[in-house]
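Features reported for this protein in TrEMBL:
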- 21-40: transmembrane segment (TRANSMEM)
- 71-95: transmembrane segment (TRANSMEM)
- 105-219: domain 'Phosphatidic acid phosphatase type 2/haloperoxidase' (DOMAIN)
- 107-126: transmembrane segment (TRANSMEM)
- 146-166: transmembrane segment (TRANSMEM)
- 178-198: transmembrane segment (TRANSMEM)
- 204-226: transmembrane segment (TRANSMEM)
Amino acid sequence: MEPRNSAASRRSKVVSQLSRWTLVGVLATVVGTIAFILQADAAVEGDGLAAFDPQLTQAFFDHRSAALSKVAQAVTFFGEIPVLTAATVIVAVLLRIVTRRWRPTAVLAAGMAGSAILTSVLKLVIGRHRPDSSFMLGAIINGFSFPSGHTLSGTCFFLLLAGLLWRSHAARGLKIGGTVIAVVLSIAMGLSRVYLGYHWATDVVAGWTMALTWLCLLATAIHLIGRRRDNGLNPRPVDRDDIRDRGGSIP
């Protein structure tokens with residue numbers, strides 16, 4: 001009976017831990033959603049933080065240099081839809097080949113698809129116009145600006161990769177380094193959009209906010225699925241990849 005009790009105890013601890021993470025995820029999602037709504041309201045009304053947008057746009061414009069412009073254009077290139085789409089497909093295929101599992105690939109695909117849908121829908125609903133074209137360094141864009149799509153999707157992509165790295169067997173130093181790089185790239189992506197004159201600063205802040213909110217929601221959903229399995233409500237199907245990894249035979 002002792003092994004059974006020990007297994008039951010471990011099972012209980014796993015369920016308890018999942019419950020805590022689920023609660024944290026739900027709270028983070030709610031807080032993020034409220035923060036985004038407040039930011040959207042300020043952007044529409046032109047008050048709050050949005051009241052400082054014109055000054056910030058002018059400040060970035062006044063401090064442009066040839067070197068900084070090249071860096072900003074290089075960073076923002078990786079947030080273009082064709083580039084992000086291609087990168088997502090390539091990484092998804094590599095994840096399937098390396099891990100021999102579909103779950104990491106599915107998480108990445110769901111995360112990026114969600115970010116694209118959110119960007120399109122929110123831009124149409126809020127309908128905020130971009131800064132004047134005289135501030136734009138490059139091709140003129142006339143679409144809506146809130147939230148910044150480059151920032152939202154780019155942040156989701158970089159942080160999803162960091163999250164998947166933490167779920168791998170990579171060395172701790174590599175995980176920390178990868179996370180730092182993901183955060184730096186996410187920040188740089190947002191700043192490049194303001195520097196290049198395509199977005200107001202609050203568009204970028206909203207992009208970061210919604211990206212984090214969406215990732216919290218996605219992580220919470222994953223934990224809930226795990227909790228259902230651990231509670232026996234949705235028995236986990238036999239994973240042929242798991243059997244193969246452990247050296248077992250597949251009937």
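Any Cβ shown, glycine's included, is placed from N, Cα and C.
It should be emphasised that the depicted structure is a prediction, and the values quoted were computed from it without experimental measurement.
Within the same chain, the transmembrane segment (107-126) stays apart from the transmembrane segment (178-198): fewer than three Cβ pairs sit under 8 Å, each pair at least 6 residues apart. Per-stretch counts of Cβ pairs under 8 Å to the transmembrane segment (146-166) identify 178-198 as the leading one among 71-95, 178-198, 204-226.
Sequence-remote contacts of a segment are chain residues at least 6 beyond its ends whose Cβ falls under 8 Å from one of its Cβ atoms, and for the transmembrane segment (178-198) they are 56-57, 60-61, 64, 68-69, 71-73, 75-76, 78-79, 130-131, 135-138, 141, 145, 148, 150-151, 154-155, 158-159, 161-162, 165-166, 170, 204-205, 207-208, 211.
As a summary of secondary structure, the domain 'Phosphatidic acid phosphatase type 2/haloperoxidase' (105-219) carries 86 helix, 0 strand, 29 coil according to DSSP.
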